[in-house]
Amino acid sequence: MEAVPYHPLLEVTNEEFRSTRKFYDIENIKVLNESLDSVEEWIKKQDHLSEAGRHLDRESLERLFLLSRASVEGTKLKIEKFFTTRGMMPELNLNKRIEEFEKLLDFLIYVPLPKLHPKDNSRVMVTHILSDKSENFSLLSYLRFCFFVGEYRIGYDYSTADRYVIDLKNFNMNLLTKLNPILLKKAEILCTECIGTKIKGIHLLNAPPFVDKIVFILKQGLKEKVASRLTVHTTYEDFHKEVPKEILPKDFDGDGPSLSKLADQWKDMLKSDEVRNVSEKFDKLISDESKRSEMKFNEEYLGMPGSFRKLTVIYISAINFLIYSYGCFLPKLTNDHYRVYAVKNQIKNTVESGFLDYYRFYFMLCEYVQAHDYCNGLVIFVDYSDANIMESIKWITVTDMTRLMEIMREGYGMRIKGIHIYTQSMAIDALVSIMKQGTSPKVANRYKVHKTLESVYDYIPKDILPVEYGGKEKPLFDLHKKMRNIFANEFKDYLEEMRQAGVNENLRTSDSVNGSQYLGISGTFRQLNRPEPECRACGAWCIGVALRCNHRAPQPASETTNTLDACAGPDGLEASPRHKSWTWLPEAILPPRSLRQAFLVELPKPAQLQLRGTALGLAASGPIAHHWGLPDRRIFGLGGDVEPDKLVVGIRLHVLHDAPPAIKSKFPETWR
């Protein structure tokens, strides 16, 4: 291509065109064409890419070549990632049409500025919020629109990088609840890792007083390098030092056309047949996974070679998570007296209860260290090299991680010096992003991902690691088995004693529990003028399952009886229609002292809450019974049969804990 096709909304001068090619050292047209020919031939030989490659035109291929720093091998890798990830993230990539964005475009403007930045040939992308009607905003819709515009730009633009300007003038607190860091992380991976966009800066203008909260959420979804380029500008004069006035719109005291005029021009253009054809073409740029070598995909994207679907999982122990991972505290301390907790994660295809078992086992280890060790804190090393990263992402939740880290730090006083993850998987960034949401910013900055063991040695002395990691210690699995043997009857008795070390909340004054130390308010919060609060009680833990609803909480059972009082709502024992809003939340682990209240629960899609007998009871019928592995109809303690396809639970956990073995045996093992 001798010159960039002219586009009135994406201007690239001949001088900028030549400057960009010079920047990438591709001024020789013959060399450029030979490089592109080489990439095209490679695509044709890839069974899983060849069909999609027929829809990648030469101009778009050249842009991807530039974004890969004019490297043939880098371009191959980019195309591999681009085609594959588009199929793995269809919610961001596929079937985008201008008609779906009508509500979004009433709420905000998102446009590229016509002129390139004069210093670095970057394209400035502006987001300007038009109103405070946050109900019209969806983060997913916004990101889809950004990629919709971006796909069209590939055919015309010739920039070296992007700058993002976000005008927060009409930003309100309600929008904070719609900023999902995990979705932002997905978008960043697609933008920077798969397309190859270089982000030169993120500029926030007209920031509200709570801008620190916005910045915190945005940074959680960005790599550290990109996050460091996020700047809050207090004045336009300060902003003009980064982005010159001559390319900015009038809205930012610039010399260019107004944002509203640019938005109207882009709306008209995005409705054209040309854009529709481009979008349909990009919908076909997806790898055909049925033709990919399974070994290659599992190794590059899931972090493990071979076919994980064909593996036979050997049942190692009654503790479910030991099927998937094992670990222990290493015998020797680091030079600065920290204890290393090493884990080999082998998750292939697991269930959520495996993580719950893991958390429980880990807290047992913490109890042991607290009783016997004398160290400054912990260094955590997790080996994900043989794990299915996508399976971990499926089950690990922000809620779980928050509670796990809170109990470790506040409950056990464990100081975490570093969390080191060893893997070559390309999916690890998404997993780390979820993990970081459950930690404080200070701990989040201590996450390190290592592609090689040599980089691990910079943080953990090589000699104290197990032999499989180049150290002199015994194999990790042998150390793990030795640690499990330590949990003899004597230590189990100690754990049981610690289980009883809880606070009797019935004796605490209301001001103490409602005061600033725990809830941040004094007085009785139940008496506040909030007639329909979100029900925190129904979000408490009942037999390992958490549910949330918007009704008032059922009263806890009496401490002296096994019966539940009536629902606090106006309908007594019959549930109001508000119970229909109950939804699943993830499992997690809480300290034993939290397991002191019983609640009425109905799973999994309650139509109406019913109380049938005493608190110590469970009943199930129909497919739900089989799903939970329960006998059909009544088990015990209920006054009658339940209606089809219902599961009603009202069990005092501490009563169940102290129940005779004959009663315990009636329940699934994970509930005991």
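The backbone N, Cα and C atoms fix where each Cβ goes, glycine too.
Because TrEMBL annotations are produced automatically, they should be read as predictions rather than curated entries.
Residues annotated as domain 'CRAL-TRIO' in TrEMBL: 142-260, 357-477.
Secondary structure by DSSP for the domain 'CRAL-TRIO' (357-477): 63 helix, 19 strand, 39 coil. Within the model, the domain 'CRAL-TRIO' (357-477) carries an average pLDDT of 80. Residue counts of the domain 'CRAL-TRIO' (142-260) by helix, strand and coil are 59 helix, 19 strand, 41 coil (DSSP-based).
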